[in-house]
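What TrEMBL says about this one:
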type: ACT_SITE; residues: 5; note: active site, phosphoserine intermediate
type: BINDING; residues: 5, 219, 221, 223; note: Mg(2+) binding site
type: BINDING; residues: 313, 314, 315, 438, 439, 440, 441, 442, 447; note: substrate binding site
type: DOMAIN; residues: 1-34; note: domain 'Alpha-D-phosphohexomutase alpha/beta/alpha'
type: DOMAIN; residues: 53-115; note: domain 'Alpha-D-phosphohexomutase alpha/beta/alpha'
type: DOMAIN; residues: 143-226; note: domain 'Phosphoacetylglucosamine mutase AMG1'
type: DOMAIN; residues: 240-377; note: domain 'Phosphoacetylglucosamine mutase AMG1'
type: DOMAIN; residues: 421-466; note: domain 'Alpha-D-phosphohexomutase C-terminal'
């Protein structure tokens with residue numbers, strides 16, 4: 001997938017999809033790094049040879065690749081280079097055109113499972129649109145028609161897909177699109193989209209909400225979603241990935257129980273250290289919660305360990321995984337009451353409305369809307385499941401991020417020695433205090449997360465811990481940011 005997701009429009013990059021339609025195994029990152037950083041053609045060919053040897057690849061076997069791109073102006077040029085490479089390697093290829101990242105993931109899985117017992121659907125964009133919309137309409141059947149949903153498409157490729165969905169949804173559900181301009185240069189992800197809302201914790205300037213109205217924002221390639229609503233005073237409230245997890249996981253647990261399968265199907269939630277402490281507390285009282293290092297690949301892998309694994313990063317990227325055994329049980333179980341029968345039908349439709357290959361903003365929106373319809377929740381009632389602890393994220397520039405090493409799913413520093421003890425001492429002074437420090441995976445910065453029961457305390461704790469990190473990293477006292485305490 002040629003995309004740079006939520007990044008600014010001039011950026012571009014590539015996301016690699018494995019044969020199951022999921023994210024590529026992280027062991028391949030080293031090969032990608034070697035290829036990308038080859039200084040000249042000879043070194044590049046040598047890196048390819050090394051990859052073939054290391055991974056024991058049989059070049060006589062046909063290679064099949066599906067590719068797509070988002071709406072960035074640099075996309076066609078990069079796709080042309082990709083095509084040249086595929087032809088040089090004599091690979092079969094299929095151009096999926098301009099589409100969303102989740103559609104590409106869906107296509108890879110459907111192509112590879114076609115005609116098998118694990119068939120995931122029709123291997124076309126129409127197959128994707130039909131599968132998700134049919135399941136969504138069945139979940140809404142018999143419920144009052146929900147109010148229209150406003151979708152901020154980040155002026156990205158999600159606008160095309162959301163527009164396509166309109167015809168498939170018909171009168172069952174109305175979506176109104178804003179920031180759907182994919183032609184104006186520089187508009188993509190500019191002052192709109194999921195990342196803008198999450199980082200700034202406010203509405204995109206292009207959106208005005210009426211009291212009680214809910215809306216959501218996609219990111220540039222439509223694999224992340226952030227919800228929000230206006231209360232009766234018109235005040236903005238954000239409903240991020242943690243809130244989506246709480247809503248969806250609770251609903252699935254209720255359905256499994258109503259179907260009479262709660263002894264056989266175990267539902268679990270996967271979070272990272274960035275999950276709000278209140279969400280962890282709310283969920284842990286209801287089902288198993290596991291914390292893993294930051295990154296979707298860690299979340300996805302851990303979710304596979306449960307019969308049903310629910311994961312959403314706070315930034316709105318996530319999905320729900322149903323194990324093959326759980327899916328088989330749900331489809332073959334004989335209900336003994338009408339309630340069980342209804343719950344089993346609903347579970348089957350939940351499985352089909354979810355894109356299990358990867359986080360999918362539009363699929364996730366349909367899942368959320370289904371739950372809201374079943375629970376008769378407005379944004380206010382959903383938000384009141386728990387109250388977020390105020391939190392603050394601060395970035396500290398350091399000389400060498402590798403000097404900072406963590407353990408316990410990145411919640412505790414082991415290096416530099418002694419720094420964690422100082423952080424613990426600070427955290428202990430704040431009511432509901434929690435803070436952790438982790439190095440960035442891509443740049444020489446360290447991220448500091450802090451939360452506490454009140455906003456000023458959360459901010460103060462974050463800046464105090466940032467000050468500790470700055471001093472520990474040997475920062476110039478004269479250059480020390482003034483907000484670091």
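The backbone N, Cα and C atoms fix where each Cβ goes, glycine too.
Bear in mind that TrEMBL entries carry predicted annotations, made automatically and left uncurated.
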Helix, strand and coil counts within the domain 'Phosphoacetylglucosamine mutase AMG1' (240-377) (DSSP): 74 helix, 18 strand, 46 coil
Which same-chain residues, if any, lie at least 6 apart from residue 447 (substrate binding site) yet have Cβ under 8 Å of it: 393, 394, 395, 396, 437, 438, 439, 440
For the domain 'Alpha-D-phosphohexomutase alpha/beta/alpha' (1-34), distant same-chain residues with Cβ under 8 A (at least six beyond the ends): 47, 50-51, 54-55, 66-70, 72-75, 78-79, 82, 101, 104-110, 112, 120, 154, 157, 185-190, 193-195, 219-221, 223-224, 296-297, 300, 357-358
Maximum Cα-Cα separation (Å), residues 313, 314, 315, 438, 439, 440, 441, 442, 447 listed as binding substrate: 19
Secondary structure tally of the domain 'Phosphoacetylglucosamine mutase AMG1' (143-226) (DSSP, helix then strand then coil): 19 helix, 15 strand, 50 coil
Between residue 219 (Mg(2+) binding site) and residue 315 (substrate binding site): CA-CA distance (Å): 10
Top Cα neighbour of residue 223 (Mg(2+) binding site) in the set of recorded positions 5, 313, 441: 5
Residue 219 (Mg(2+) binding site) to residue 441 (substrate binding site) - Cα separation in whole Å: 21
Residues of the domain 'Alpha-D-phosphohexomutase alpha/beta/alpha' (1-34) by DSSP state, where helix covers H, G and I: 9 helix, 4 strand, 21 coil
Residue with minimal Cβ packing [other Cβ atoms within 10 Å] among the binding-site residues 439, 441: 441
Integer Å distance between the CA atoms belonging to residue 441 (substrate binding site) and residue 221 (Mg(2+) binding site): 21
Sorted by sequence, non-5, 219, 221, 223 residues with Cβ within 8 Å of centre, Mg(2+): 3, 6, 70, 100, 101, 156, 218, 220, 222, 224, 317, 361
